[in-house]
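Features of the protein shown, as given by TrEMBL:
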type     : residues : note
TRANSMEM : 21-45    : transmembrane segment
TRANSMEM : 57-76    : transmembrane segment
TRANSMEM : 83-101   : transmembrane segment
TRANSMEM : 107-123  : transmembrane segment
TRANSMEM : 130-152  : transmembrane segment
TRANSMEM : 158-180  : transmembrane segment
COILED   : 208-235  : coiled coil
DOMAIN   : 221-471  : domain 'Methyl-accepting transducer'
COMPBIAS : 460-474  : compositional bias 'Low complexity'
REGION   : 460-485  : region 'Disordered'
COMPBIAS : 476-485  : compositional bias 'Basic and acidic residues'
Amino acid sequence: MSNENVGIKVRKYDSKEKRFRLNNLICVIIISIMVVIVAGGMILQQLTSSMDKPIEVIIPSFFMVLSAVVGWVLYCKNPSWRLLLIFPNALYTIGYGYLVITSNNSFVIMYALPIAIGNLLYFNKKYISITNTVIILFSIVRIALSFTGVYPEARMSTLMYCGIDVLLCANIIMIGSVLVRYNHDAVHSAKDREILQQQILDDVLKISVTVDEEANEVNNELTELENSSKFVSNAMDEILESTKTTAISIEEQTLMTQNIQETIQKTANVSKEMLDATDKSKAVVTDSLDVVKDMKAQVDIIGNTNESVTESMERLQSKTKEVKEIASLIFGISNQTNLLALNASIESARAGEAGRGFAVVAEQIRLLAEQTRKSTEEITVLIGELEENAGDSVNKVNESLEATTRQNDLVVKASESFETIDKHVAVLTDHVSIMDQMISDLKTANDNIVDNISQLSATSEEVNASAEESASTTHQNDESTKAVKQKFDTMRASIREIDKYLHMERESQKLDS
């Protein structure tokens, strides 16, 4: 902002020091001119004519020249000194008084008038009155000397010049009084206006300072808001990345649970086949007990049957191991799901209010994962028992096969062995039924997991969309905050420019005063 833009033209006034410097210079010049005219004239007259009393020229010339020298010395030392002319005027007055008393020329009475007129520049009533009163007194003394016979030849001219001198000095005193009064009124009026203007400037400066302080506070608030917006924007970007990562993890988990679902379905089918096989084995054992008397003849058939049972048991044992591995895989997946849900809860807590809904969903997922883990642990325990019992059954069937091979004649023992087999087959049937029920429950739980993961995927997509929208809104707020901050900076700069010009005006008034 420049002076042309402000549109205010400030009138420059001379300071008091500058005015006194100019007044002193004018008066010193007047004294010097009068000294050159008067002293120079007297010295020239002394050189061109023979005077009986040269002392009458030397003394006044000395004081007049000394007054000019003193005036210039004092002016050079301190040109704005208000009392500068007291000393040169006093010296000049001494020389002037000596001329008035001793000179035959009546015109010398007029030599002090330029000095008296020059004193009007100071607007000092006392100074003007004293100077002109002294000149009037010298005029009266000159008239008295003329009428007492000291200078009888110049009586009329003395009377005329002294009268003119007295009238001029009296007029100068009156004019000086009027000028001083007008100057006094003008100065006080200007001071009143200056005081009023100063009060207005002070009030405007106070308002400017207050506005600047408020603008600084608003600017600080805007800076904090800008920093907060940047922090929120970064947080929203991190949340957006986290939600995208979570969505990808959920998709991968969905595929994994679908694979688990297929594996569980296959296991359920195998379990039903095992259940059918155990039912058939039980029927065979029952029939074998009825035909124990024909045991020997049917040894080969029993051996083949035992071999089939052994193969079935081995398949059962193998399938049990596969189910155990699947249960371990489900256990690991449930732990991973629990960890992902915990991470999602942490990220939603960082998001604050915007992530509260996502935190509820993440907590539900964590609970379901925990339930899955517990169910899987129970299944693992049961499958372990089933594997142990299946191993026992295989051993028993092998023993039975060896017994039938070695002892065809031990029918009673074979009957007892078949009874034992019947018991074990019954137990095996119960275990297979339990395993089938557990696999059914596991399938149901996995279906729930699939449904929940599907819901979580949909929720994750909604959260992702909301996070993108929030991130966009946050970036817009950040840009708006920057724009408002720039406007406040512009306003603060304008206020400081106004404050600068107000201080300039105050300094200008101080210089004027």
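Using N, Cα and C of the backbone, Cβ positions are placed for all residues, glycine too.
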Could you name the stretch, out of 21-45, 57-76, 83-101, 107-123, 158-180, with the greatest number of CB pairs under 8 A to the transmembrane segment (130-152)? 158-180
Could you pull the average pLDDT for the domain 'Methyl-accepting transducer' (221-471)? 73
Looking only at residues six or more beyond either end of the transmembrane segment (107-123), which have a C-beta under 8 A from one in the stretch? 23, 26-27, 30-31, 33-34, 38, 82, 85, 89, 92-93, 96, 99-100, 131-132, 135, 138-139, 142, 157-158, 161-162, 164-165, 168-169, 172, 175-176, 179-180, 183
Excluding the flanking five residues on each side, which residues at least 6 beyond the ends of the transmembrane segment (57-76) place their CB within less than 8 Å of a CB in that stretch? 24-25, 27-28, 31-32, 34-35, 38-39, 42-43, 45-46, 51, 84-85, 87-92, 94-96, 98-99, 102
